[in-house]
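What TrEMBL annotates here:
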| type | residues | note |
| --- | --- | --- |
| COMPBIAS | 1-16 | compositional bias 'Polar residues' |
| COMPBIAS | 52-63 | compositional bias 'Low complexity' |
| COMPBIAS | 71-82 | compositional bias 'Polar residues' |
| COMPBIAS | 108-130 | compositional bias 'Polar residues' |
| COMPBIAS | 140-152 | compositional bias 'Low complexity' |
| COMPBIAS | 153-162 | compositional bias 'Pro residues' |
| COMPBIAS | 232-244 | compositional bias 'Low complexity' |
| DOMAIN | 357-395 | domain 'Zinc finger Sec23/Sec24-type' |
| DOMAIN | 434-675 | domain 'Sec23/Sec24 trunk' |
| DOMAIN | 683-766 | domain 'Sec23/Sec24 beta-sandwich' |
| DOMAIN | 779-878 | domain 'Sec23/Sec24 helical' |
| DOMAIN | 899-970 | domain 'Gelsolin-like' |
| REGION | 1-261 | region 'Disordered' |
Amino acid sequence: MSQQGYVATPPYSQAQAGMGGYPSGFGAPPSQPLYGHYGPPPQSYPSGQLGALKSPASSASALPPSPSPAQFSPNGLQNGAHSQRFPPPISTPSVSQYGQPPPAMFPTSASPAQAPHPTQQLTNQLSGMQISGYGHTPLQGPQSPSSSAVPPAFHPPPPAMGHPPLMSPGASSPMGAGPNMGAMTTAPPMGAPGPFPGQPHLGGGGFPQPPGPAGPQGFPTQQGAYGGQMAGPQPGFPGTFPGGASQMAGPPQKKLDPDSIPSTTQVIEDDQTKRGGQVYTTNLRGQVPPLVTTDFVVQDQGNASPRYMRCTTYSFPCTADQAKQCQVPLATIIKPFATIPKNETPLYLVNHGETGPIRCNRCKAYMCPFMQFIEGGRRYQCGFCSCVNEVPAFYFQHLDHIGRRVDFYERPELSLGSYEFTATVEYCKNKKPPNPPAFIFMIDVSYTNIKSGLVKLVCEELKTLLNQLPREEGAESSSVKVGFVTYNKILHFYNVKSALAQPQMMVVSDVVEMFVPLLDGLLVNFQESQSVINNLLDQIPDMFADTNESETVLAPVIQAGVEALKAAECSGKLFIFHSSMPTVEAPGKLKNRDDKKLLNTDKEKTLFQPQKGVYEQLVQDCVSSGCCVDLFLFPSQYVDVATMGSVSLHTGGSVYKYSNFQVPVDGDNFLRDLRGDVEKPIGFDSIMRVRTSTGFRATDFFGAIHMNNTTDVEMAAVDSDKAVTVEFKHDDVLAEDTGALIQCALLYTTVGGQRRLRIHNLGVNCSSQLADLYKSCETDALINFLAKSAYRAMVNQPLKTVRDILVKQTAHMLACYRKNCANPSAVSQLILPDAMKVFPVYMNSLLKSPALVGSVELSTDDRALHRLMVTTMGVEDTQVLFYPRLIPLHNIEAVGEGLPVAVRCSEERLSEGGLFLLENGRLLLLWLGEACPPELIQSLFNVPSFAHIGSEVSSLPELDSPQSKKLQSIIKRVREQRSHSMKLLIVKQKDRLETLFRQHLVEDKGLHGGASYMDFLCNVHREIRQLLT
Ligand SMILES: [Zn+2]
């Protein structure tokens, strides 16, 4: 039972003992507390790298992470010279679908007027152009006849659209970049820094500033209270201003057509067009899978499905020097329990009986397609460590004429990327088969939860929900046991043994030395005890109906849950429904340490550091007992999510937060979350191990995990939403012919109490050409990694430092591509690798995400929650979180099976007559333009016009109209695609909630700080030019 005994279980511990082949590998010390993968600051820009970039200005030594003015100034003149060749300022020609005039609330650019620019011709051409429709940005030129070898170039619009090529004059044609570049080349809006004498301002934060006043944090200050914030640097609506752009006051804006900068929605649509509906077979090493947003079917032919494993790049550089040079993180995001669509094959279970799975003697890797059978099938060579192993007699099989075992297709472990093994008792705690797990429902019955109606709601729901407990595949009923505890300052345990006529309550008021007062009858089978349990659930709300108790404990509650599981010798999950900060004199008492004065100081990070002591010990206890903690929080004020949530984070649990909970408003949303959480696929008491072929190794892990050493990733539980992001580092040279092989082995207990090993294998290519790496990058995976590593770093370093490093790394990755992989071109051109062309918009969104941007208007708990949430996310979740989906729905009647194509997340894509649904995986916002046609309003809200919709409208009525039914079904479909239920909020244009909506328009200037996409691209381009000159 003890944790040590568990960790020392032979199959896992021997792997460490047998590390002979990996002297510097798995024995490495824990990673440094500094911003992990970048290494300590002085190494951020290693001199070797600079050498490669041949920077004449600073070839001497490593650059510090923060740019000093001295490093920027020498380039000033040169930048100015180049920038004269930039395209002229262009105003966005944009007309709404309904031809509504642009609202006054969308003012023209709030950027300070800039010096006049000579090239008026282009402006005139553009201002005569009209763009209509949704999502069809005029950028989609004809697809190049691209193959996988030559990624499609970033095309200018077809001439028919009236778009001039948005190229620097240096380029001969829109395709001037040449096929080899596989790159988008565009002259970005360098107008800002360029033609003006002023050099890039570095704000207080070191974040390169767009021209204009800088906020205290280094972000541009907001321009005005309302429209200005949003419109910021966005170009105006020329078609709607009398006379168009040329009549705008002052000199033309120094802005490029926003349609000319890479569009995420376009990239998503293109991938869907190109790869959607296809079968993706995993037979080739180093294949780049379709995007997470694309609908495709996976056929496992030897590598794990991208649903289980996605990589930041599918071509690793051969040497550590190259990896350092490009600074592209090498990582994989593993979602071991990912949900698989019904039309894909579930994992096969392989049972080798008492012998257990076959493993390499040296590195302990499991039998997989990477093992090479030799000597007529009598031996096999391990693909990970090259050790030659004997094939056990029972496993012997002859080889065919190509050296493949004749039973290749009959054995999943020889031919598939993912499968499961039945584990033997050697893999179990104390060498005893585990008991099925238990779910314990622990309900805070203090005044707040009683008064809000929450307690009654939970009790009512459980009566039906407990019929839906997860079951072993093929089993008739669930083996999961259930138990119930209520608490405020003291705890109440319930005996719900089936033999009882009435449930029995036992009170424990000594919360300092927590113990469980009953062993028999606390954890029971729901079916057997159903009547006693229903009786209890009926009584609980009444029992505490008159309570005045408003104080609560938390740590003793968790402790009680762990003790109960220990006593029952099983793993399990605690569902805790909690309302307030635990302030009672008891272990785990918390104080309000929220302090807005810390924002934008070096101490801001302390707000996100969990309180040490009791909660740390609880995590240890929970993990060693296989006890996962899910927190459902219903706070009305600060509750220290950073501390309370840390227990969930490190036990594989989830945190849900419903601020100022009201049953009529939030009840449905909460219940959907609760149902999803109870029913989702999950494994318990798990340990994950990531093995690699020689030359590189897993060095860092991010997720809802706990680690007691550097290699064993412990998770009290792991469910279908949780992903672990793993970073790799070289420790030798990788060979191009063998590639880089990764095997993830997850040992866990099923909901039925079986011990199993789930294996995922993936091979990626290795190349000495950096161009291969960039060609095989995946932006969504890169952002997942960078978000998780930044969110870890932010508890140890000032947020400003973290943001600076992200910007520097972005510039560095792109500069290295430019230097080493792109054809020579004018430095004024921004050249992005095709696979990373929307990387900057995601990066900018990450930089201004609630966790990384401090604002007095954001609650500390929400920021802490955002941080915890992202840490557990897979690639699908981070993709939509950092670039929400904005779906135009004004033509709702025309919406068919597929949803309308999303439009870019920018205010200028909205129209007053429009209706838009925005989702980011956590929240659904239905935005109504104030000129929305009355007929549409009538059919959706049953009121005559926009003005008749109350400003506090919180739900969408279910009406009998076709439009209403269609909208309901669209919302249902969107919800089904996400793991969280997503509360729906109705946002009226210019109404109070619009601020919340605007925070999600990530291409615009941030409401709480942070640049617009356009400005960020300028900043990054400026940084790149600094690196290249
Ligand atoms: Zn091996």
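Glycine is treated like the rest: Cβ placed from N, Cα and C.
Remark: secondary structure over the domain 'Sec23/Sec24 helical' (779-878) totals 66 helix, 4 strand, 30 coil, with classes taken from DSSP. Counted as Cβ pairs under 8 Å, contacts with the domain 'Zinc finger Sec23/Sec24-type' (357-395) are highest for 683-766 among 434-675, 683-766, 779-878, 899-970. Mean model confidence of the domain 'Sec23/Sec24 beta-sandwich' (683-766) amounts to 97 (pLDDT, 0 to 100 scale). For the domain 'Gelsolin-like' (899-970), the DSSP counts in helix, strand and coil order read 23 helix, 12 strand, 37 coil. DSSP assignment over the domain 'Zinc finger Sec23/Sec24-type' (357-395) gives 6 helix, 11 strand, 22 coil. Mapped onto DSSP classes, the domain 'Sec23/Sec24 beta-sandwich' (683-766) shows 0 helix, 54 strand, 30 coil.
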